[in-house]
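K.L.:
After the structure tokens below, expect a handful of questions from me.
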Amino acid sequence: MERAAGPGPGPGPPAAANLVPLLEGGRKAGRNDWSGSLIVASLAGAFGSSFLYGYNLSVVNAPAVYIKKFYNETWQRRYGFSVEESTLTLLWSITVSIFAIGGLVGAIIVTPIVKFFGRKCTLLLNNVFAVVAALLMSLSSLAGSFEMLILGRIIMGVDAGISLSALPMYLSEISPKEIRGSLGQVTAIFICIGVFTGQVLGLPEIFGKESRWPYLFGMIIVPSLIQVVVLPFLPESPRYLLLEKHDTSKAEKAFQTFLGKDDVSHEVEEVLSESRVQRNTKLVSVLQLLRTHAVRWQVITVVATMGCYQLCGLNAIWYYTNSIFSEAGINHETIPYVTLSTGAIETVAAVFSGLVIERLGRRPLLIGGFGLMVVFFAVLTVSLTLQNNVHWLPYLSIFCILAIIASFCIGPGGIPFVLTGEFFQQSQRPAAFMIAGTVNWLSNFAVGLLFPFIQSGLQTYCFLVFAAICSAGAIYLFFVLPETKNKTLNEISQAFAKRNKVSLEMQEMNHYPGERKSSAEQESNFTSSVDKGEAKTGIV
């Protein structure tokens, strides 16, 4: 199973309750930080976005045999003879891997979409791709066209590519900095819930039968419809409204809705302090962002974390799961039910990460996650190599598989998305997410393309390659990544300033000063706008 993040059946209020973290820091953050609107926005946004991504990662596994049979029958009906085994394998490989190609397309086109339509509207419009894909895939068997299934997979990939950029962007911009990490982990949590739901619905008692597999794809419509019904009643990102649309009144109302209080002057002023620096800066292109010295190491860190996120070897784990369970003496008919434990472990670990991320911080979870994966990959390599000689080693292999999945989900499975939202100012954020998404999906495609050859050449020793990648990621992050917990954008920028070889003042001036008015003139314009009644709340 391929993954792009990730990294209990059915999201709902209990999941929201589990997400309310116990926080420590400059200001104690309690339940007051989690307003009803903030919880509903995160759940509705994730259910129709990252949940669907996770669901589509696992949904093709259970009906694989029946889908291949459908391909063969369709081919025979058209051409009068059965499809060759090599051709069938190619068709199936395209069906699975083309999802990543669609994701890459979505990641590339997301920047102008979120700029023009906004974060919330992008999530809503993205459901068009999901519904079209669901109809194509669910009706492919009835129409006798496997091309519809393949086309549906690539369209669903586009949906995933857009949502995995737009959703973290939206969540990072609507959350108070005290719970920004926990709210950002909602993306990863719902990916895991989506994977688990796909596993559950793929059981033989539900839709994992030859006559019912199209329903697995038809179910995609349900989360999309729920998001379309709920999300329009919630505000757009207040940062987007204030910094890109310059609509102070709507931004204040959005802050009041998400924060659950009337006095939002402090929050508005905090965003406007960024606005004074970049008020007349146009949306930064990818090329401009790559040329900006003030964020050079932020970009490198995002590329490194996203690359390690995909290349850390979780795909290899899924490849070996069934064979390891078989070696442990588990019946073939029972393996699908035992496999549910992997989805459950994913979900529990992701929720745990959401609970502690504001207590422990990003650095320990991310570095610790990669470090633990190195240890368990090494043990798994030894266990798989010797398991034919020692009868109890297959059980150690099962433990290592679950431990690797848990280690991934407590840090590397969700924090890269959080960091991308925290590192960059408003005008740079869409380009940053486009870079992160491109690296994410290219790495995803590369793993799907190269892993069979790595596995064929190295056998069980292939895990040492992934251990080396995780080790390199942990070492890089240990020396480069600053802690961003409860930090403002300026504080995070200051932490990178020395490595970027610029002062904080130079960082602010380095964002295309020719396109911006002087600070004094911006202050004058801002004061004028307040006098004209654009800001209804007192702002110092």
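Placed from the backbone N, Cα and C atoms, the Cβ positions cover glycine too.
Remember, TrEMBL labels are computer predictions, not curated facts.
Annotation comment: TrEMBL describes 521-530 as compositional bias 'Polar residues'. According to TrEMBL, the feature compositional bias 'Basic and acidic residues' maps to 531-540. The domain 'Major facilitator superfamily (MFS) profile' annotation in TrEMBL covers 42-485. As annotated by TrEMBL, region 'Disordered' applies to 512-540. Look at TrEMBL and you will find 36-55, 90-111, 123-144, 150-171, 183-201, 213-234, 299-320, 335-357, 364-386, 392-419, 431-452, 458-481 tagged as transmembrane segment.
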K.L.:
Cβ under 8 Å to the transmembrane segment (213-234), counting only same-chain residues 6 or more beyond its ends: which ones?
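P.N.:
Sequence-distant neighbours of the transmembrane segment (213-234): 37, 40-41, 44-45, 47-49, 51-52, 55-56, 59, 62-63, 66-67, 120, 123-124, 127, 130-131, 133-135, 137-142, 149, 152, 156, 198, 201-202, 207, 257.
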K.L.:
Can you tell me which parts of the same chain pack against the transmembrane segment (90-111), counting only residues 6+ beyond its ends and a CB-CB cutoff under 8 A?
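P.N.:
Sequence-distant neighbours of the transmembrane segment (90-111): 2, 4, 56, 60, 64, 67-68, 71, 83, 122, 129, 146, 149-150, 153-166, 283, 286, 430-431, 433-434, 436-438, 440-442, 444-445, 448-449.
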K.L.:
Name the range, of those listed as 123-144, 183-201, 335-357, 392-419, that has the largest tally of Cβ pairs under 8 Å with the transmembrane segment (36-55).
P.N.:
183-201
K.L.:
When you scan the chain for residues with a C-beta under 8 Å from the transmembrane segment (392-419), skipping those not six or more beyond its ends, what do you find?
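P.N.:
Long-range Cβ neighbours of the transmembrane segment (392-419): 5-7, 164, 168, 172, 180-181, 184-185, 187-189, 191-192, 301-302, 305-306, 308-309, 312-314, 317, 320-321, 324-325, 327-329, 341-342, 345-346, 348-350, 352-354, 357, 362, 365-370, 372-373, 376-377, 379-380, 383-384, 386, 436, 473, 481, 484.
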K.L.:
Mean pLDDT for the domain 'Major facilitator superfamily (MFS) profile' (42-485), as a whole number?
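P.N.:
Result for the domain 'Major facilitator superfamily (MFS) profile' (42-485): average pLDDT 90.
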K.L.:
Restricting to CB pairs under 8 Å, which listed stretch, 183-201, 364-386, 431-452, is in contact most with the transmembrane segment (150-171)?
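P.N.:
Selected stretch: 431-452, with the most Cβ pairs under 8 Å.
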K.L.:
Would you confirm whether the transmembrane segment (458-481) and the transmembrane segment (364-386) meet the contact rule of 3 or more C-beta pairs below 8 angstroms, pairs 6 or more apart in sequence?
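P.N.:
Since 3 or more Cβ pairs under 8 Å link them, the transmembrane segment (458-481) and the transmembrane segment (364-386) do come into contact.
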K.L.:
Output the single range from 123-144, 364-386, 431-452 maximising the number of Cβ pairs under 8 Å to the transmembrane segment (299-320).
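P.N.:
Out of the listed stretches, 431-452 contacts the transmembrane segment (299-320) most.
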K.L.:
At a C-beta cut-off of under 8 Å, are there same-chain residues at least 6 beyond the transmembrane segment (183-201) that contact it? List them, or none.
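P.N.:
Sequence-distant neighbours of the transmembrane segment (183-201): 1, 5-11, 15, 19, 38, 42-43, 45-47, 49-59, 61-62, 164, 167-168, 171-172, 174-175, 207-208, 216, 219, 336, 339-340, 342-344, 346-347, 349-351, 353-354, 357, 409, 413-415, 417-418, 421.
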K.L.:
Do any residues of this chain, six or more beyond the ends of the transmembrane segment (335-357), have a C-beta under 8 angstroms from a C-beta of it, and if so which?
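P.N.:
The answer is 6-8, 15, 18-19, 21-22, 58, 62, 181-182, 185-186, 188-189, 191-193, 195-196, 199-200, 202-204, 208, 321-322, 325-326, 365, 401-402, 405-411, 413-415, 418, 485.
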K.L.:
In the same chain, who gets a Cβ under 8 Å from the transmembrane segment (364-386) while lying at least 6 residues past its ends?
P.N.:
305, 308, 312-313, 320, 324, 353, 356-357, 393-394, 396-397, 400-401, 403-404, 407-413, 415-416, 460-461, 463-464, 466-467, 470-471, 473-474, 477-478, 481
